[in-house]
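Peer 1: Structure in structure tokens, see below.
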Amino acid sequence: MRTTGLLLLGALAELGSATYILEDDYQPNTWFDQFRFFSAKDPTHAYVNYLDQAEARSQNLIGVRNNAVYLGVDHKNVATGEGRSSVRLETKKVYNHGLIVADINHMPGGECGTWPAFWTTSSAWPMEGELDIIEGVNQQKQNDYALHTAQGCSIPERGDFTGSVVTPNCDVKALGQAENQGCLVEDTKGSRGYGPDFNNATGGVFATEWTDQAISIWFFPREDIPKDVNSEHPDPSKWGKPSAFFGGGECPIGKHVRNQRIIFNTAFCGGWADGMWPGDPICSKKAPTCMEYVRENPSAFEDAYWSINYMKVYQQGTAPTKPSQAPAPPSSTPALPTMKSTSTVSSMVSATQPAPTASNPTGAPMQPSSSSSNNGPQPTGGNGNPGDSCPPPTQPACRTYVTTKTYTLVSTMMPSGPQTTGGIVPVPSAALEDIKDTAQRLRRRDMERHSRRGHHN
């Protein structure tokens, strides 16, 4: 049957889209509550004394300065014992996958003897991997991205990324590569991504997307940071080519990188920086060894500090989207076959009519009962009670006919618009009256057919 109004037969489902949703927000005012302080002996044999939180605070090596996290080193005293005092912070939380976004104003680096890093690793190294997002030694100019794994992971030497692959095998024991070198990608954006030039340009953002298939790392200088990087739902697909890419068919990331903590630290000398010292034309002239230079020159490391605006970790999920607004519907139902929906409505239709007489040969009903099956049959019998469709017993006996009918309603579903509330489209009163009138006509027709054919109860 047709109606001239719009009918609402169901609520519109809220749509959602797969995107990144914020899981952990590392801000300066809560930063030190979310990290643990590593204070054991450095595993890379660095000349460094890592302090616990209380001692680091007492020596003013940590804090919040200019609304940013400050992580510094001792730059006032000649080093003794295990080395120059510094800090190594690791997230209390362990991660598997995610989007890690860090906004950094200033980093250590560019000074002889320093070995700063922003990285992730697992307690089951190298089986569960290590990822270096920022790392360098001595007077290095460009940032190095690296992945360290067990055997069975190699990356393509060319691909959809901007960096330059130095070594392709991520295995820390790979033949033909330095021990623990892993797969190394050098940033080709010049010196803006590391050390003094990074600091002079007020830093930038490092964003790392880690999935089962691949790890991609972007570096954005301050003036090139995408608008959505610090939004509720950042979208890496809009950021262009990453600086580094680890993955592909020769490296199942889901197998090799798991259970990672995020780490910031500043070390001195150690395996990498020590090894580079003799061949460094500038550093090697300052002292015979890296350790001697770091020990005797505290003021050289005043600028060896991290200043971090924030770090955020996102995970993929489904974010709700609001239904779009639509113009007010027209006064009559338009022909929109792509939006058409049908609903089958079954109900018990009950009506009472007088028996056929000379004055009423068809026995047409005097008044229909409710059109809703929820109300049930109305009282019958000709007593004059409320709801009785028969007049008082001055006429012949009444007969009650009950028919069961199934109707199919065809309606046009329209999006919610300004005239709606909460996405629910109201049914115009004119449309409801249409339904009632049509239902009455159908009942009269049914009663006439029953009467002619002699069907009654």
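Cβ atoms here come from the backbone N, Cα and C positions, even for glycine.
Grabbed the feature section from Swiss-Prot, which reads as follows:
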| type | residues | note |
| --- | --- | --- |
| SIGNAL | 1-18 | signal peptide |
| DOMAIN | 19-319 | domain 'GH16' |
| ACT_SITE | Glu130 | active site, nucleophile |
| ACT_SITE | Glu135 | active site, proton donor |
| CARBOHYD | Asn200 | N-linked glycosylation site |
| REGION | 318-397 | region 'Disordered' |
| COMPBIAS | 333-352 | compositional bias 'Low complexity' |
| COMPBIAS | 353-362 | compositional bias 'Polar residues' |
| COMPBIAS | 368-378 | compositional bias 'Low complexity' |
Peer 1: Reported as an integer number of Å, what is the Cα distance between the residue listed as 'active site, nucleophile' and Asn200 (N-linked glycosylation site)?
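Peer 2: With the alpha carbons as reference points, the distance is 29 Å.
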Peer 1: May I ask you to report the DSSP-based helix, strand or coil state of Asn200 (N-linked glycosylation site)?
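Peer 2: Its secondary structure by DSSP: helix.
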Peer 1: Among all protein chains shown, how many Cβ atoms are found within 10 Å of the Cβ of the residue listed as 'N-linked glycosylation site', not counting that one?
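Peer 2: A 10 Å sphere around the Cβ of the residue listed as 'N-linked glycosylation site' contains 11 other Cβ atoms.
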Peer 1: Can you give me the same-chain residues 6 or more apart in sequence from the residue listed as 'active site, proton donor' with a CB-CB distance under 8 Å?
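Peer 2: Sequence-distant Cβ neighbours: Trp115, Pro116, Ala117, Phe118, Trp119, Asn143, Asp144, Tyr145, Ala146.
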